[in-house]
Protein chains: 4
Amino acid sequence: MALSVEKTSSGREHKVKDLSQADFGRLEIELAEVEMPGLMACRAEFGPSQPFKGARISGSLHMTIQTAVLIETLTALGAEVRWCSCNIFSTQDHAAAAIARDSAAVFAWKGETLEEYWWCTERCLDWGVGGGPDLIVDDGGDATLLIHEGVKAEEEFEKSGKVPDPESTDNAEFKIVLTIIRDGLKSDPSKYRKMKERLVGVSEETTTGVKRLYQMQETGALLFPAINVNDSVTKSKFDNLYGCRHSLPDGLMRATDVMIAGKVAVVCGYGDVGKGCAAALKQAGARVIVTEIDPICALQALMEGLQVLTLEDVVSEADIFVTTTGNKDIIMVDHMRKMKNNAIVCNIGHFDNEIDMLGLETYPGVKRITIKPQTDRWVFPETNTGIIVLAEGRLMNLGCATGHPSFVMSCSFTNQVIAQLELWKEKSTGKYEKKVYVLPKHLDEKVAALHLGKLGARLTKLSKSQADYISVPVEGPYKPAHYRY
Amino acid sequence: MALSVEKTSSGREHKVKDLSQADFGRLEIELAEVEMPGLMACRAEFGPSQPFKGARISGSLHMTIQTAVLIETLTALGAEVRWCSCNIFSTQDHAAAAIARDSAAVFAWKGETLEEYWWCTERCLDWGVGGGPDLIVDDGGDATLLIHEGVKAEEEFEKSGKVPDPESTDNAEFKIVLTIIRDGLKSDPSKYRKMKERLVGVSEETTTGVKRLYQMQETGALLFPAINVNDSVTKSKFDNLYGCRHSLPDGLMRATDVMIAGKVAVVCGYGDVGKGCAAALKQAGARVIVTEIDPICALQALMEGLQVLTLEDVVSEADIFVTTTGNKDIIMVDHMRKMKNNAIVCNIGHFDNEIDMLGLETYPGVKRITIKPQTDRWVFPETNTGIIVLAEGRLMNLGCATGHPSFVMSCSFTNQVIAQLELWKEKSTGKYEKKVYVLPKHLDEKVAALHLGKLGARLTKLSKSQADYISVPVEGPYKPAHYRY
Amino acid sequence: MALSVEKTSSGREHKVKDLSQADFGRLEIELAEVEMPGLMACRAEFGPSQPFKGARISGSLHMTIQTAVLIETLTALGAEVRWCSCNIFSTQDHAAAAIARDSAAVFAWKGETLEEYWWCTERCLDWGVGGGPDLIVDDGGDATLLIHEGVKAEEEFEKSGKVPDPESTDNAEFKIVLTIIRDGLKSDPSKYRKMKERLVGVSEETTTGVKRLYQMQETGALLFPAINVNDSVTKSKFDNLYGCRHSLPDGLMRATDVMIAGKVAVVCGYGDVGKGCAAALKQAGARVIVTEIDPICALQALMEGLQVLTLEDVVSEADIFVTTTGNKDIIMVDHMRKMKNNAIVCNIGHFDNEIDMLGLETYPGVKRITIKPQTDRWVFPETNTGIIVLAEGRLMNLGCATGHPSFVMSCSFTNQVIAQLELWKEKSTGKYEKKVYVLPKHLDEKVAALHLGKLGARLTKLSKSQADYISVPVEGPYKPAHYRY
Amino acid sequence: MALSVEKTSSGREHKVKDLSQADFGRLEIELAEVEMPGLMACRAEFGPSQPFKGARISGSLHMTIQTAVLIETLTALGAEVRWCSCNIFSTQDHAAAAIARDSAAVFAWKGETLEEYWWCTERCLDWGVGGGPDLIVDDGGDATLLIHEGVKAEEEFEKSGKVPDPESTDNAEFKIVLTIIRDGLKSDPSKYRKMKERLVGVSEETTTGVKRLYQMQETGALLFPAINVNDSVTKSKFDNLYGCRHSLPDGLMRATDVMIAGKVAVVCGYGDVGKGCAAALKQAGARVIVTEIDPICALQALMEGLQVLTLEDVVSEADIFVTTTGNKDIIMVDHMRKMKNNAIVCNIGHFDNEIDMLGLETYPGVKRITIKPQTDRWVFPETNTGIIVLAEGRLMNLGCATGHPSFVMSCSFTNQVIAQLELWKEKSTGKYEKKVYVLPKHLDEKVAALHLGKLGARLTKLSKSQADYISVPVEGPYKPAHYRY
């Protein structure tokens with residue numbers, strides 16, 4: 001697509017696939033609202049007081065229907081919002097259209113190139129004169145990364161006049177990041193530092209982004225406070241686990257229509273995401289084999305009746321391979337060559353480096369046959385057999401299906417809203433330093449509580465004497481911080 | 001669509017949505033072939049001898065990718081084939097395109113009107129001069145019905161000069177059938193009798209069609225031999241059960257993206273289809289309630305931990321309703337009025353009369369909001385709350401998703417091929433009278449055996465003394481006819 | 001034990017382990033009654049009319065608490081009853097004591113020798129002057145076998161003067177049968193023929209006994225009518241499946257306390273019993289591998305995510321082996337030698353010839369270490385490693401635990417009561433010839449219906465127009481005979 | 001039993017039920033060793049260096065077969081050991097006999113009175129001249145409690161001459177504790193202070209004991225270092241969860257033989273123990289309803305398809321009630337009065353105050369019928385219906401069955417051994433203050449790793465670049481402290 005910012009009739013900036021899908025998006029947003037009681041409760045509780053009045057929020061997070069409900073919760077609480085997706089395939093174009101038309105500046109479409117992706121990220125952070133956002137909602141940490149790299153480059157440039165050299169890295173994506181920053185230096189050599197100055201903080205959605213934040217905290221490189229939303233119980237033990245249990249088979253079915261029952265499935269990694277994937281595959285009738293590096297997680301898999309082997313042990317007999325590790329170099333082209341004809345290879349971890357796409361694309365004589373978007377058959381010349389790779393190795397549940405369902409995202413996103421409220425409320429109090437924080441347990445419990453009524457649940461109430469007996473307040477929080485659920 | 005037969009460049013008759021989708025259909029057919037070892041084994045075993053040489057086969061069965069592999073198995077064995085779908089929403093247009101271009105006459109597209117549907121059925125049976133097909137593959141019995149009604153009308157017309165009166169029935173669909181027959185009488189008053197004369201027999205795919213056949217057998221109305229494929233073990237205990245276990249959640253997810261976990265789901269009917277649906281919903285984390293008329297099936301549900309209640313007991317607290325009964329008038333508009341906002345109502349039984357669509361459509365003041373094709377929200381005026389109806393009450397797995405996956409359909413369709421071969425081989429021997437037959441157990445076991453290798457299974461072999469001990473041949477069949485599996 | 005018939009103070013014949021356990025037995029019988037609604041409903045419905053008035057019933061069926069409730073249902077309906085167990089380990093001594101004291105003549109104790117077992121069977125059939133029983137309740141067919149073999153021997157003796165020669169067979173148990181018959185010939189050379197004359201019929205409980213009956217029917221050897229209770233749906237699809245799903249882990253736990261989670265379990269045979277066992281093991285967290293000869297059952301196992309291999313493939317890596325085949329020679333001593341140290345080997349099929357106990361016992365240098373009754377460790381001399389064999393290869397759920405729970409046995413035994421009533425009612429009508437019959441479906445459905453209320457279920461009622469639409473009576477039966485559930 | 005210490009022929013002190021069961025105990029201990037790879041690995045790794053040389057260890061922990069393997073691991077590493085059970089019903093008498101004969105001083109039998117229980121606890125701590133133990137293994141904290149209460153009383157006595165008054169408390173058990181301490185003051189007014197002086201530390205096994213420790217830490221009352229073994233991942237997420245998943249149905253089956261399938265079961269509390277119980281009941285075919293106070297745990301239950309209600313909502317319709325809360329006053333006599341006839345009520349939490357046994361025992365006119373030990377039917381006079389209470393409200397898995405299986409206890413107990421080693425190694429370094437500690441993650445991972453081989457698992461190894469990418473050492477630990485598994 002031609003990379004120019006467009007405007008709606010009301011003057012809102014955007015770049016989406018097709019604004020005419022806004023009505024369809026609106027209908028699905030309305031359905032989602034009924035399934036997202038936590039976000040709707042936030043609107044009811046906080047809407048009247050407009051706590052985000054004056055706040056600019058930039059979000060880099062899959063631009064789906066569920067995210068649309070999050071965005072409109074932020075705007076309902078008074079915020080101005082700009083948004084981009086954090087994955088080139090994860091945008092739902094009708095959701096983007098509805099938001100662009102009705103609520104916030106959106107720069108996202110399904111099937112961006114990497115250049116387009118980073119252009120969108122830039123636009124999302126670009127609030128025009130006066131610098132950047134007050135708050136960031138990040139997923140995977142790309143918005144945070146861009147600012148940190150930008151500040152680093154500006155400081156170096158000021159000091160030595162040196163500009164970033166895209167050729168200094170082999171990583172195709174990081175080349176683009178450096179190019180953007182280099183080019184930005186020319187027009188405004190303090191853009192990212194102004195952003196940093198204004199920024200109150202970031203709330204980060206996912207394991208991968210959180211890992212980056214803790215690394216920066218450790219080296220002292222973190223430039224602003226961060227709330228780790230991922231490790232709210234109501235996020236990681238719900239979205240990661242139950243969300244993937246739902247969306248992994250959904251992605252498999254939409255992409256390939258393959259019967260899961262009777263198949264041998266390999267799940268690489270048995271963290272929360274891997275647990276959800278393995279459960280889904282087992283329940284659908286597959287025989288599931290897990291690969292793990294961590295003996296505790298491996299023992300958990302065994303207790304659930306799953307076999308724990310190495311990828312090498314099973315590479316030639318399995319039908320379905322799923323990576324969930326958050327690590328890199330999990331399934332290499334050399335594995336893929338040994339797989340059965342039409343074995344399915346996919347990734348549900350945040351980044352696309354779990355599967356060796358580069359090795360596959362550059363394999364001599366390999367042939368790519370696109371069955372349909374995000375479903376490719378790659379045929380090896382030696383055997384003339386092929387494997388089926390989903391979403392080019394990126395998040396298959398968002399690339400091939402519609403990601404996690406609304407209800408579980410309501411848990412995650414209610415944490416996001418609470419985190420954003422907390423950062424904004426404490427912006428001048430010094431409560432949050434340039435560190436990574438998790439939300440206090442009572443807020444975590446509150447998020448859960450907001451989702452019980454929709455499912456018809458009735459909680460038991462502690463008596464005072466029971467609460468004293470177990471040394472907790474009657475109204476909670478009920479568990480110590482180290483409790484694992 | 002304008003109802004006129006078109007021709008491919010090679011002269012093949014057809015009427016499909018878009019021939020240009022043929023390449024896409026071909027790619028998916030090739031994927032499906034790998035998942036359909038039973039059909040591919042038939043091609044290998046029987047292809048060289050061309051047993052269907054000279055046979056005309058008409059099929060009325062969901063025109064999907066899997067059916068495409070069936071059709072091309074029939075043609076690979078020498079048959080000439082004409083095809084239509086047996087449901088207005090079940091056609092996959094790319095499958096139809098590929099078959100029309102490459103293999104057989106097809107009259108089918110997704111989203112036919114009822115008039116179009118019966119026009120397609122007529123075309124499928126219309127082999128031009130020389131009458132109708134030699135063999136029918138039927139699913140639900142519409143092709144069989146048309147011939148039986150046609151013959152009845154012709155006989156009456158010959159006797160009394162009376163033609164069928166479409167106004168004699170309230171049933172909108174049957175009006176169309178009578179119209180077609182009435183109009184046909186004018187051009188050829190013995191068309192259906194000529195068809196009947198030529199017909200060697202029918203093989204019927206599904207419970208509903210089989211029920212009709214047994215009713216006709218009982219009254220002596222059956223005009224030609226029929227093989228009941230549905231009650232092959234490798235059909236009803238696989239396709240109906242495991243197929244629906246796969247395709248029910250698939251349909252729900254594609255149509256609504258709703259989170260199944262935590263929801264209350266009602267499955268009406270606990271036959272093979274209901275068992276598959278209930279298993280899928282339970283495994284996805286729903287709390288499942290079953291309604292049943294049959295105390296044995298009800299007791300089975302209870303043993304699986306499912307609650308058994310009446311629809312009235314739970315209509316206002318459940319989130320998802322699925323009909324699987326094969327009966328009519330299961331969920332009436334009066335039930336739907338009492339449901340929660342955005343309750344999902346869908347049917348996975350063969351016909352669309354399980355859900356009272358007429359009552360819904362004619363409810364005073366009701367408002368229909370189409371979210372997307374096959375997903376409608378119906379809003380009741382009194383409460384301004386709505387329910388979501390999938391596929392207009394028709395088979396939701398075919399209307400909203402792609403039906404059953406290839407592997408399980410390979411079991412069903414291998415039975416179809418075997419049944420067709422059997423009818424054709426015995427066409428002149430009198431082995432089959434005008435009755436309903438099931439395939440012998442050794443063929444049923446053969447179908448299963450053809451599907452084991454793909455899943456890596458290794459069968460144990462009986463020794464002679466073991467076989468004698470349990471009084472079976474070493475090579476099977478291994479079970480008495482009454483065995484229930 | 002000294003084999004002499006004893007008498008209670010009221011003069012009832014018996015031979016049990018310890019009459020003083022009668023109070024304990026009575027308490028558990030009372031608990032069981034609450035769990036056996038079908039039998040209690042029979043007492044309520046038929047008790048007042050005393051339909052068994054004058055009938056002598058001999059039963060050869062595991063003398064458990066549940067059987068006690070069956071026996072007392074028969075006596076409540078007017079019958080006189082004599083009973084023995086059909087397995088040397090399956091008697092619950094407190095149940096036998098309570099029945100002996102209060103209700104019926106019992107000859108059974110846990111841990112009979114084979115000689116004792118057949119002595120008990122003889123006693124059970126011995127009604128003193130006037131011959132044998134009017135009706136037999138059989139389980140596995142041993143009572144029926146004894147009469148058939150007895151009649152055969154008497155006829156041969158009358159014809160040729162030849163008596164049975166125990167040395168003519170290698171089978172240790174059959175030697176005993178022949179001895180009993182030979183010795184009986186001396187005192188009364190027409191005892192079994194008089195029995196046969198009086199006998200109205202037998203109702204047979206289990207797959208193995210039914211197989212024998214059909215074999216006799218086929219050769220014309222069957223001497224009296226038989227009702228196949230096993231193949232009532234409410235028996236084979238409940239008792240065999242759900243009963244074993246309950247009692248297999250129960251037996252494993254009581255015998256060995258072994259953790260099932262994480263283990264590799266091999267289930268030989270995937271019929272109803274095997275399905276129940278595999279489900280239980282999978283749910284407890286084992287990885288389950290199935291061995292099968294029947295490709296259909298094998299394919300069912302695969303659809304449930306179970307691996308299908310041969311015993312040879314897995315013999316050295318599995319932890320638990322269960323035979324459920326109803327066939328012989330499944331696990332041979334040569335397999336056992338290759339197993340891991342402390343692998344558990346057990347059988348839940350009717351007879352003890354699924355496991356090669358003879359081969360094990362006679363293996364040179366093998367050492368048997370009895371951990372506790374019915375739990376033996378057998379150590380092989382070559383490796384000094386051992387395997388653990390349960391219940392000496394006999395039914396482990398009855399030998400090591402208490403068999404199936406009351407509720408599911410209520411289904412089975414209500415069928416037994418109905419079958420006995422049917423035979424007795426029709427004793428003079430000629431309705432039943434010397435053949436094997438199954439109960440009509442409406443009675444099967446009735447049995448199920450009697451068990452729904454206890455579990456809080458509410459059935460849906462068909463309207464007349466719905467019933468007509470699917471061509472069944474409003475009040476059932478609802479399914480055709482071939483329906484598989 | 002007469003409360004006097006006995007001696008074996010070798011002079012070892014003990015008080016057990018029946019020393020002649022030692023052979024049987026030994027056989028089962030040998031079986032258990034094969035299932036407890038973690039403990040056996042400790043023997044192999046540490047045995048040669050005899051790290052516990054000179055250490056006296058007192059243990060208060062269910063005296064089962066598994067504990068026997070723990071004790072003999074401690075002695076194999078050089079310790080002298082004295083032991084008592086931490087529950088009046090949990091001792092396995094054959095295990096106690098084998099240990100008493102062969103390895104350590106044991107004071108424990110199944111079915112102690114409360115007076116006997118505390119006498120045993122005293123004996124366990126009584127090392128004769130020279131005071132108490134160096135180390136304590138505690139489960140629930142009773143040994144720790146006795147020392148803390150003893151020290152408190154001695155200090156008060158020294159200060160004011162006041163002795164504890166048993167009448168000062170309503171709690172029957174605490175009366176006994178005070179009596180023991182009061183009586184001890186007479187003979188040695190500094191006994192517990194001498195114990196405290198010597199004590200290096202305690203390692204605590206279970207949630208309830210840990211809760212007590214944290215309470216003491218908070219008030220500064222803790223007298224010596226404590227290691228919280230319960231919150232090792234390889235303890236709480238295995239023993240509590242998978243152990244109960246195994247032993248809850250085991251206890252139900254042995255106590256009542258009730259069919260779980262089809263029943264309505266209420267699980268009070270959805271922590272690790274409740275999760276295990278609910279999973280077991282659901283898998284066995286029950287319909288499970290959860291009660292919870294914590295909205296997060298409640299939402300987890302809902303995601304698994306379980307209904308969340310209050311006890312009041314379901315008290316009159318459920319069949320089985322299990323308490324798992326660790327809190328008090330969960331099921332009161334007023335609930336029990338409303339239950340169905342023969343509803344089963346049991347507790348699997350550490351203490352017996354979850355069920356209102358006092359209220360039940362003192363209910364006017366209530367009648368107790370002991371079916372068998374640990375299985376009582378209590379009949380209410382108004383309705384003449386009864387409920388069945390297991391193990392008098394105490395841990396039903398240990399009271400009615402044999403507790404958790406060896407394999408999972410091997411995980412827990414390997415943590416115990418490591419904790420004891422750690423305390424002993426650091427006894428003079430000051431590393432551990434009077435606080436509560438958890439084991440470092442690398443030891444937790446080591447425990448898991450020791451259990452993988454037995455189950456045939458193969459771990460994947462991180463490459464250096466992968467380890468760097470996720471910022472962990474190649475050899476672990478792999479997760480941050482807050483990770484929840």
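Glycine is no exception: its Cβ is also placed from the backbone N, Cα and C atoms.
Feature annotations, reproduced from TrEMBL:
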BINDING   D:Thr64, D:Asp139, D:Glu205, D:Lys235, D:Asp239  substrate binding site
BINDING   D:206-208, D:271-276, D:Glu292, D:348-350, D:Asn397, D:His404  NAD(+) binding site
DOMAIN    D:240-403  domain 'S-adenosyl-L-homocysteine hydrolase NAD binding'
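D:Asp272 (NAD(+) binding site) and D:Thr64 (substrate binding site) are 22 Å apart (CA-CA, integer value). Among the binding-site residues D:Thr206, D:Thr208, D:Gly276, the ones whose Cα sits within 10 Å of the Cα of D:Lys235 (substrate binding site) are D:Thr206, in sequence order.
It is 6 Å from the Cα atom of D:Thr206 (NAD(+) binding site) to that of D:Asp139 (substrate binding site). A straight line from the CA of D:Gly274 (NAD(+) binding site) to the CA of D:Asp239 (substrate binding site) spans 12 Å.
As a whole number, the greatest separation of Cα atoms within the substrate-binding residue list D:Thr64, D:Asp139, D:Glu205, D:Lys235, D:Asp239 is 17 Å. Residue with the densest Cβ environment among the binding-site residues D:Gly274, D:Gly276: D:Gly274, by other Cβ atoms within 10 Å. Considering only the binding-site residues D:Thr208, D:Ile348, D:His350, no residue lies within 10 A of D:Asp239 (substrate binding site) on a C-alpha to C-alpha basis.
The subset of binding-site residues (D:Thr208, D:Asp272, D:Gly276, D:Ile348, D:His404) lying with their Cα within 10 Å of the Cα of D:Asp139 (substrate binding site) consists of D:Thr208, given in sequence order. Once Cβ contacts within 10 Å are tallied over all protein chains shown, the binding-site residues D:Glu205, D:Asp239, D:Asp272 are led by D:Glu205. Across the structure, D:Asp272 (NAD(+) binding site) and D:Glu205 (substrate binding site) place their CA atoms 14 angstrom apart. Considering only the binding-site residues D:Thr64, D:Thr206, D:Thr208, the Cβ with the fewest other Cβ atoms within 10 Å is that of D:Thr208. Nearest neighbour of D:Glu205 (substrate binding site) by Cα distance, taken over the binding-site residues D:Gly276, D:Ile348, D:His350, D:His404: D:His350. Counting Cβ atoms from all protein chains shown, D:His404 (NAD(+) binding site) has 28 others lying within 10 Å of its own Cβ. Cβ neighbours of D:Ile348 (NAD(+) binding site) (same chain, under 8 Å, six or more residues apart in sequence): D:Cys244, D:Ser247, D:Leu248, D:Gly251, D:Val273, D:Cys277, D:Val322, D:Thr323, D:Thr324, D:Leu395, D:Met396, D:Asn397.
The 10 Å shell around the Cβ of D:Asp139 (substrate binding site) contains 26 further Cβ atoms across the protein chains shown. A simple way to gauge crowding: the CB of D:His350 (NAD(+) binding site) has 23 other CB atoms within 10 angstroms, across all the protein chains here. Mean pLDDT, taken over the domain 'S-adenosyl-L-homocysteine hydrolase NAD binding' (D:240-403), works out to 97 on the 0 to 100 scale.
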